Amino acid sequence: MFLHSPALLIWLFLFCLAGPQAVRTEPYNSTSSSSSPTANDVTSSDLLLLASEETPTRAPKPVTKQGKKNVVKVKKGGNGTVDDSPWVTDCSEPLNKDISCSVNIIGCSDNVFKYVDAGQEPPRAHDVRIAPTTKVMGANRIDKRKHRLHVDVSWQIPQLEASTHLKAFKLIVNGPDGKNTCFVFNVTQTHVDDEGISPRYRFSSNTLFDFGHNYTVTIVSLPMSRKRAPKVSATSLMPDDPDAAPVKIVKTNEQMCEGKSNPQASKWAASFRKIFLFSAIRLIQIEFLAAPPQYCFEEYEVRLLDSSGIVMLQSAIITKDELRTEIINGRPVQFGEFNFTDIELDTDLIPSVIPIESAHDGRCLCVTENGCSCLAADWKPVKLTRIEKPPATSNQTEESDGKAEKDKKEDTTWTWHTYAITGGAIIAILFILSVCAGLKCYKKFNNKKKASNIHLLNENPAFSHSGSIPLILKQSISVLIVYSHDSAQHEAAVLAFAELLRDVFNLNVHLDVWDEDDIEENRAEYINSSIVRANKVIIINSIGAYFRTVFRHQREPAIERITTGRNDVIFDMQCELALQHPCVISCHFSYTNPKYVFFPINRLLQYSIPNSLMTMTTALTEQPARPEQLAGFNQVFARLQAAISRKLNYIESDPQWFENTHHRVATRRVSELEAHNIVPLPPSLEVKVEDEDAFGQMETLPIDELKEKFAAKRDLEVEVLDSEDVKLLEDVKCAPGPIHVEPTEPEVLEPAEEPMEEAEEDEEDEDDVDSVEGQTARIEELQRLIVHKDMNHDSGNLDSAYVSGSDFSADIHNEILDKPRLNAEMDLRKANREDSAFHDEVIGIH
């Protein structure tokens, strides 16, 4: 009756709660065969609890209090024994040194002891209790598992004669999903002085059980017979996880705490966060973690107990309004603070905290089967150590004897002067060594810096720094693009392609659209120089370029756009010279049929844009192309693709676009050209024919007959000229003075042209020339002299020679026709040859 009294049961419950952790287990899949290496590999933070992590507890030790001889020897299948247990922990009570045990994890199918005869079995256990407790984790270790489920399993064995046969207990824990974990308890070392008292056995774990699941605990008394296994079972539902409660509950904390209490509040235990000891001011500062809001606790009582844990020395009440809140790892944590003052030194004290079980309206917050009671959390004993006082020092003055001091100085050869000199010398030596080391390091660093500064810079980022690329890069490659102006969409694609070569691959690209200033200044010079200065020539094949080349080769009427552009004629002039370039690259856009390739370059490798763009770039730069230049989104390359897409859409919408936008143009004859486009010849070079019809019907004579005919005609003209000169002198009457010759019309000067021809024939006879000097030879001589007259002429530049031989000479001819030919001091023969003399006077030849 005494054992079953309510007071004793409450005291026993609190006693069991205050006890330490009995065992720490592995997860459900732990077996006897794998428990030993698993326990050795687990870190101490997983197996052992820190001093500030659990309240109340003390860290388990890896050996029993009795030593190895008390370890249970587990037998497996009768094959032998295992000397070393898989896991042995000290589960003794901190307040009761007489309680001891030894625990092993085994396989559920293992036989610990051999079977005994029937009737030799120990009695089965009774009064099995499963007490789950929700404990908050301390030491600021707030993570996903803010709370820990601590479960205590306790039972008793009846005091019978058969109890002497008891050697061990086998504890089987059946968890969810059919997972089982088994333990064996050695009770052979248990000594009970009073045979009338039945001992109570206790098993606790912090990791074996989970929140919100049903567990069945079966206790088997060992050894057992083949016919009977004395065992007892108990089932318990674990409380819900406080961290997951706010997700499940829709009501607020105030609504949950109105008029009722949480049934799981009696299973919650607090924990200490920090405990500070200040011996100088005799103060102990504690911080404890409060319960979640769903438990509805309104006040907490902090206590300071003596070393026995029974006498309360100090206490205080902390309300929920006085709690502080911190955010740790994204989770709100509430804790309370209190300072215990006037603490006695060198005395063991136990801090404790317990929630107040009643609310302000008097209802019970910790409802239990036997009444209203909350769990108290006790910490391990702490002590304020007394601080020892330093030894006292005397401030009294003493008389000194000069002789004694002198004797002391003589005994000690080292004086403060010696120390000062020695210290100065050492400092000087160290300074000199540091300076020398610094200078040496500086020289070494400077030499390395000079060596590192000698390197070759890659000014063209289009090339990668690979071994196949020369260290000394060439100058930027000049590229000329020759294309036909077929349509606005084709021109846009060519322009985007040129921008891609210029901006992405860093090439010096020349295009007629970009060189319009040079074209307007001198088209012929641009066409010639653009071919000469280009390292590479890119010919873009298209349908318009193909037909223009074919018709020009077959000498058929040309083809051009109905609405011509200012640069449409550039292709016809530039293509002939471009085909003579040593480095010609042929390409076409993807919308152009490969059959429209020029017949002169169809033997070359054809590049399709943009499909063969990287291969074409390698041919242009003569270096390996880098694909990363077009990796990702490139705005210039996207513009090229968009232009090609627009051209494709244009072709699909109008398949007959080329026939609709182009037409054939017949070649115009010279007579059809406008008058202002023809440069007139000087009068002396014009052929004068009196009867054009007769001139056209003239017969061809042999060269001998032609010479005789010209000789007879020359004699006749000389006679006529002499008679006219005499008549002219008679009319003038030989009056003295200068003779002024007025400019006459071309008809008056016609007779004067014959002496010029006669003089030329005389010169031809003297030089033994087979044919008469033509007009073309005279113009070429004039052009040669004009070239030497040009101050800006560069004899080594083909462009300047071309310009001086064509356009500049035409300007000189215009000046000759427009300028009056007057010279009063010239005689009649020079007047007949005024054009030639005028040229000589302009050039400066006398």
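FYI, residue positions are counted from 1 along the chain as it appears here.
Keep in mind that glycine also has a Cβ here, set from the backbone N, Cα and C atoms.
Given the structure is predicted, the values throughout are model-derived calculations rather than measurements.
For 1-25, the entry in Swiss-Prot reads signal peptide, with the evidence type sequence analysis.
Per-residue pLDDT, averaged across the topological domain 'Extracellular' (26-418), gives 72. Residues or ranges marked as topological domain 'Extracellular' by Swiss-Prot on the basis of a curator's inference: 26-418.
Under the heading N-linked glycosylation site, Swiss-Prot lists Asn29 (among others), citing sequence analysis as support.
The N-linked glycosylation site annotation in Swiss-Prot covers Asn79 (among others) and rests on sequence analysis.
Taken from Swiss-Prot, the feature N-linked glycosylation site applies to Asn186 (among others), supported by sequence analysis.
What Swiss-Prot records for Asn214 (among others) is N-linked glycosylation site, and it gives sequence analysis as the kind of evidence. Under the DSSP three-state reduction, Asn214 (N-linked glycosylation site) is assigned to strand. Non-local contacts of Asn214 (N-linked glycosylation site) by the CB criterion (under 8 A, 6+ apart in sequence, same chain) comprise Pro176, Thr235, Ser236, Leu237, Met238.
Residues or ranges marked as N-linked glycosylation site by Swiss-Prot: Asn339 (among others). For Asn339 (N-linked glycosylation site), the same-chain residues that are 6 or more apart in sequence and have a Cβ closer than 8 Å to its Cβ are Leu283, Ile284, Gln285, Ile286.
Per Swiss-Prot, region 'Disordered' is recorded for 388-409 (among others).
According to Swiss-Prot, the feature N-linked glycosylation site maps to Asn395 (among others), an assignment based on sequence analysis.
Swiss-Prot lists 400-409 with the feature compositional bias 'Basic and acidic residues'.
Taken from Swiss-Prot, the feature transmembrane segment covers 419-439.
According to Swiss-Prot, the feature topological domain 'Cytoplasmic' maps to 440-846, an assignment based on a curator's inference.
The domain 'SEFIR' feature in Swiss-Prot is assigned to 476-618; the stated evidence is sequence analysis.
What Swiss-Prot records for 737-771 (among others) is region 'Disordered'.
Residues or ranges marked as compositional bias 'Acidic residues' by Swiss-Prot: 744-771.
Under the DSSP three-state reduction, Asn339 (N-linked glycosylation site) is assigned to strand. Of all Cβ atoms in the shown protein chains, 25 besides its own fall within 10 Å of the Cβ of Asn186 (N-linked glycosylation site). Helix, strand and coil counts under DSSP for the domain 'SEFIR' (476-618) come to 61 helix, 28 strand, 54 coil.
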